[in-house]
């Protein structure tokens with residue numbers, strides 16, 4: 001390259017020296033500027049962090065203090081209220097005991113009026129609570145019986161009395177007495193010598209059943225406020241917090257959460273004791289003009305608690321300071337608890353930090369100047385020495401570049417500014433050509449290698465995904481999957497352990513045949529050999545049993561695939577748990593059988609009851625005529641007894657099929673059980689001992705007939721099992737709690753508390769065959785004439801209809817235990833007061849009787865005419881309606897059958913009421929799926945009778961309906 005022809009270019013060394021000096025100066029400036037910005041940003045960040053941490057810490061502090069005061073208020077109110085409740089409840093119970101004792105001592109010997117006066121005179125002078133406490137009594141019609149503070153009101157109606165907020169006092173008390181028997185009544189009342197100020201008061205009343213009164217006493221609750229105020233004041237006065245203990249808590253008695261001029265009254269404030277007890281307004285601004293009280297009232301209405309930021313003057317400070325307060329509702333919304341702290345302390349710390357930063361920056365600038373000035377001077381001197389030697393050094397670089405290629409792009413020599421580097425550029429371009437050839441060869445080899453490596457990675461990744469997919473499938477399968485090799489398990493998934501109850505380690509060392517039920521092993525072995533000989537994957541539809549580690553039996557279906565395991569033949573096996581399916585199949589068969597019986601029962605009930613009505617009715621009429629013929633009367637009584645047995649059989653069939661509607665109400669089986677046991681004792685042999693353990697007074701929702709039928713049937717069966725050998729008949733009632741696991745075999749029954757009725761005997765017991773048919777209708781092991789086979793079937797039907805279930809255990813020669821489980825309810829059972837039977841009365845009214853059965857019509861005419869009634873009977877509803885239209889006022893009562901051709905009883909009732917709405921109607925039916933007492937009442941029917949109808953019951957109902965309409 002000819003350098004002589006090159007144009008003039010500046011010296012490289014001089015240029016470098018100039019730029020080094022300039023760069024050092026710029027570097028010093030940049031360093032100082034960067035350091036300044038960094039320090040400023042760090043200071044601002046630290047200030048924000050300090051401010052955030054401080055505010056968070058103060059929020060946590062005031063939240064804790066506010067919640068502490070709230071807990072004190074809630075605790076004091078709850079504690080005081082409970083003490084007040086316990087006190088007045090105890091007082092009422094004492095008064096109730098006095099009244100009840102006076103009643104029980106004098107009932108029978110004195111009149112009710114005399115006993116009432118004794119009770120009133122005994123309670124009138126009693127005073128307590130420093131003389132402010134007294135007893136009051138009122139009957140359930142609102143008539144005051146005892147009111148010591150105003151005796152002039154005694155004997156008058158005070159039912160419309162209200163408190164100062166308009167709440168009915170006596171009406172609420174009567175409702176509590178009727179519905180609950182006893183309870184608390186809250187209201188607001190004035191105090192003597194306290195003006196019109198309202199005070200919260202609570203009373204406790206208890207129903208006194210003998211006279212249908214309630215007894216009560218009350219107490220003012222203003223002492224709770226005083227006790228709460230004392231406790232809160234002690235706490236807030238002694239508990240300062242925050243920086244310099246300037247934080248404090250205060251409490252406002254909330255009068256109106258919606259705000260207003262007098263939205264609250266200051267309850268406790270250690271910083272401003274001068275405003276305690278004074279009303280406060282929400283129309284107040286802070287030092288910056290913010291309506292901060294309206295803001296926190298809004299937050300309390302929406303969330304029950306909130307934070308509020310505002311500016312407030314410290315005591316003895318002229319300037320306002322930022323402050324944050326936490327407020328929450330306490331005491332069931334009666335109080336606002338607040339805790340606040342000032343936030344200006346953190347700003348002083350931040351200002352000190354900024355002043356320190358400025359001092360550090362001035363010191364750092366001085367240090368940078370001291371460092372860079374000698375560096376600049378040294379650089380100038382160094383480049384002066386180096387400039388004389390650098391030319392020869394560049395010649396060495398030219399020789400070096402002839403042998404090396406260090407760039408991948410040609411140098412444009414026209415753009416090179418320095419003469420020294422111009423020579424280097426020429427040789428660099430020459431080396432670039434050689435370098436390009438070598439790079440092209442290497443690039444081709446590298447591309448081939450990259451393709452091979454990518455293929456290897458892709459293949460390995462697909463293999464890992466496939467293995468992971470099948471591992472997840474096996475481990476999460478709901479079937480047992482395992483490898484069987486030579487009768488031993490080699491591998492199994494987690495469900496295999498769950499199904500068998502054995503761990504994987506236990507399964508690996510035991511022959512698989514031991515898992516199979518002994519009765520099924522031969523069948524399973526034969527099935528396995530068949531699969532092996534076919535050498536095809538297979539799945540069996542025939543389930544077999546496995547015996548779990550805990551001894552329980554499970555049903556499974558199996559599948560098999562021939563595989564190799566560790567280079568030896570083996571089988572991949574699948575077991576599916578079908579235990580629940582087997583149980584459901586069994587229940588389905590039983591349910592279909594019961595459904596068929598229920599359909600049959602409903603079909604025959606109507607006709608059979610019509611037949612029985614005639615049989616029983618005419619027998620009763622014949623008995624009335626045979627009063628003077630003892631032999632004839634004895635025979636008629638046998639006919640009546642047989643007819644009643646037939647009617648009872650129909651009722652049992654309908655109970656079993658759940659077709660018979662029985663009125664349900666809360667009852668206590670304890671009373672019914674005692675009655676049944678008395679009856680059973682009189683009918684069973686003397687060599688059978690009855691033991692009873694009736695430990696439950698719980699209530700169930702059922703009919704008394706239901707419970708009577710259950711216990712009677714179970715006891716009758718138990719006694720029959722011991723009639724020859726004698727033994728012990730045990731009957732018990734107890735409350736039990738059953739969870740979902742206990743009810744796994746009864747999917748239709750909900751978990752909860754149950755009444756368990758147990759009847760046990762040590763008689764002959766039942767065989768397995770008898771146990772399987774125990775609940776089948778008409779199945780019996782008794783001899784002819786000894787049983788109908790409907791006893792246990794009826795028990796099963798009634799129990800299922802009441803939402804319960806039946807279980808039993810029996811061993812041949814050891815006896816049988818029957819257990820009935822019925823859901824308990826929380827309601828109190830109604831106690832039916834027995835009343836003397838009133839003799840059957842007749843009358844002279846005119847009765848329109850409609851029934852398509854001739855026997856029913858003839859029976860009604862004969863029976864009702866015998867008691868003075870005038871009866872006109874029709875066999876068809878349309879004919880009866882046509883006759884009635886001629887003279888709607890000519891009849892006093894309509895008695896109609898439900899199921900009749902042409903016109904049913906409900907349609908006849910509607911048409912009759914269109915002509916004459918006030919005529920009473922009695923509906924009779926042998927059986928109807930579409931009509932029950934509730935539907936009959938909705939149609940305006942006054943009474944509802946089931947066939948076969950007893951004549952005395954019909955006469956009693958007729959008289960009751962007619963008298964009610966008078």
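Cβ coordinates are placed from backbone N, Cα and C, and glycine is handled just like the others.
Note that TrEMBL annotation is computational and uncurated.
Transmembrane segment is the annotation TrEMBL gives to one range among 16-34, 35-53, and that range is 16-34. Looking up the ranges 365-386, 387-408, 409-430 in TrEMBL, the one annotated as transmembrane segment turns out to be 365-386. Averaged over the domain 'Response regulatory' (846-962), the predicted model reaches a pLDDT of 86. Residue 897 (4-aspartylphosphate) falls within a strand segment according to DSSP. Per-class residue totals from DSSP over the domain 'PAS' (466-535), listed helix then strand then coil: 43 helix, 13 strand, 14 coil.
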